[in-house]
Each structure stands twice: as structure tokens, then as C-alpha cells.
Amino acid sequence: MNTLLMHCRPGFEGEVCAEIAEHAATLEIPGYAKSKPASAHVEFVCQDADGAERLMRRLRFADLIFPRQWARGPGFIELPESQRIEVLLAELASYPVCGSLWLEVLDTNAGKEVSTFCRKFEKPLRAALVKAGRLQEDPALPRLLLTFRSGREVFVGLAEPRNSALWPMGIPRLKFPREAPSRSTLKLEEAWHQFIPRSEWDKRLAPDMLAVDLGAAPGGWTWQLVNREMRVTAVDNGPMAENLMYSGLVDHQKVDGYQYRPRQRVDWMVCDIVEKPARTGALIETWIGEGLCREAVVNLKLPMKQRYAEVRKILQRLRESFDARGLKVVIGCKQLYHDREEVTCHLRRLER
């Protein structure tokens, strides 16, 4: 199992290559990354047979920015038109018994077509795996991840459930709320799922908390905060959706989001403004560093080139700034499924 397969947003294969190559070099695990433009996946081929397993053991998946999902295996294999299950059972003879099964496809137009095949194939495959003793429901065992590039080509991979994506392919199935004024609302909801354990939502996303939404109009992110019954200051020169204003929980301030400062410390600051990432990074540094908020979710809009390098530079600057202030801040950064040319940062200031 010398190959690490990683899913990603189409067009960001180069960022995944740069990110995993940097980590592998730091960990002294030799190998090379390979990908094709807009293929929505990257393979990192390790020189050592156990290289992919070592990478997954040494890295936290949650700390990776651009990969949506990962799995280790020997690479893609060919399947015949018939007797696919028999071929897969033979391939799995050298694998450990697995505790769960996910059939995955790539986030491409071709992948959408393959998903129909996967839905039909999963039931008989699952039954055959259970009968052969290759699959038993046990969250402590590795997850079997079968990534189909077509009905005839599959990556037979493994991953630990607690150190891989929360959802198949790293894609959450969130329902757009009809009352929300824009689809951007799903970005904030996905961020909460990604960065906050579900068991902590009632404590960290509680009613009557104070929140500030910078660049709020028309109110996609504000809607999520109001839906949690928070009291929100919506900062934007543009108009807010009327249904949000009728809630009685929103104070609309028509000022520049980068200039606004709250009169008192708030629980949450969220921001989805189209601006250069360095300026938004400085905004984060101020709000968290000066204690204006306890937690923040902020989108960084990415440049056309050197996107991974730019994000890494901003995150490093934030860490150095907080360290210099003697602050303990948990920082997370991920390109979410609902993100486009951007990444989402989550920051939580902890009291020492």
C-alpha cells in the first residue's frame, strides 16, 4: 500500500500536490505526487511500501487544508465487465477485516455518472463482503474506501474512521433552508460541522450568544446565527433580507466591515467578504488577538496562483502573532465542499 489517494475540488490538484509533498518531506517519507488537471484527485506514490500508512499515521486529516478525503492502497486496479465482486474479494485477501464500507466517486461529471453504478453495486458487494468475513460493523476497525473512476477502475483503499473525512468523498449532504436568503448559508453550516464536534453545539452555538457578521448582506450567514437564536450585529452597507430583520434578533449596521469594532466582547465573529486574503488575515489577527470575539469563522479568498503558499503564509503569521501575545488559539483551515476559490478558517481563543 504505497499510494495515498486524495480527493479534492476540481482545479485544486496542484494545491493538494504542494501540501502533501511538503508534509512528506517534513516527515522524511520519500515519494512523488501525480495528478491531472480538473481530475478532482491526487495520488502520492511513496518510495517505501509502508509510506502511505506512515503518512496517515503521522498526519491528522483534520489539519490538511485542500484534501477532502484520503485512503491508502496499491493504486487503481482494473475490473472486468463481469465478476467484479470476485475480483475485489481476491484483491482484499491481503487486507485486514474492515469495520465499514464507503463507495466513493470523484467530484467530476464522469464521477456523477459512475455514482449510479455505485448505488446499484453497493448492496450485493456489501453482502458478499460480510459473507466472506471481510466486513463487520465495528467502528474500531479500518474503513474500506472504494473510489471508482469508472465501473471498470477502482482504488481499493483503507482509512481510519477517526482520521479521515466526516462524509463520503468529504461531501456533506446539507439541505438548503428555504428561508435563507442565499446559498452561502451552507458554507457556515458546513464549517460548524467541520470544526465543532456535534456534541458541543449546544454549548458553543447557544441561544442568546452575541455574534457579528461582517459583510452580512443579504444574510446567508446571519440566517444560520439567527436559526441558533443568537443576537446578531449584521455589518454591511447593503440591504438585509426582511425576514431576518423581522426576527428581532438582528441589528443592521451600515458600515464598512473592516472598520467595525464591537462595543463589547462577542461570542462569534463570522466574515465572508470578497477581499485580498492578507487583509482578511489581518482582520482575524485583530479580532482574536485583541479579544473582540471568542470564536470566528472567516473565509479567505484565494489568489489565482500560489494558493497553498498564500494560505500557509497567512496561517503562519497568525500563529506567530498569537504566540507573541501569549495567547492560546486553536486554528483550523479547510477548503470546504461549499467553498469555491476560497478556504474557510475557524479560530477559537482559549483562556489560559
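Each Cβ is built from the backbone N, Cα and C atoms, and glycine gets one as well.
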Have a look through Asp202, Asp208, Asp256 and flag the one Swiss-Prot assigns to the S-adenosyl-L-methionine site that Ser184, Ala217, Pro218, Gly219, Gly220, Asp236, Asp272 belong to.
-> Asp256
Within 10 Å of the Cβ of Pro218 (S-adenosyl-L-methionine binding site), how many other Cβ atoms can be counted across all chains shown?
-> 18
Chain-internal residues, separated by at least six, CB under 8 A from Gly220 (S-adenosyl-L-methionine binding site) | Ala180, Pro181, Ser182, Arg183, Ser184, Thr185, Lys187, Leu188, Asp272
Could you state the whole-number distance in Å separating the C-alpha atoms of Pro218 (S-adenosyl-L-methionine binding site) and Lys301 (active site, proton acceptor)?
-> 19
What three-state secondary structure does DSSP assign to Gly220 (S-adenosyl-L-methionine binding site)?
-> helix
Express in Å, rounded to the nearest integer, the largest CA to CA distance found among the S-adenosyl-L-methionine-binding residues Ser184, Ala217, Pro218, Gly219, Gly220, Asp236, Asp256, Asp272 named in the record.
-> 20
Cβ distance under 8 Å to Asp256 (S-adenosyl-L-methionine binding site), same chain, sequence separation 6 or more: which residues?
-> Asn237
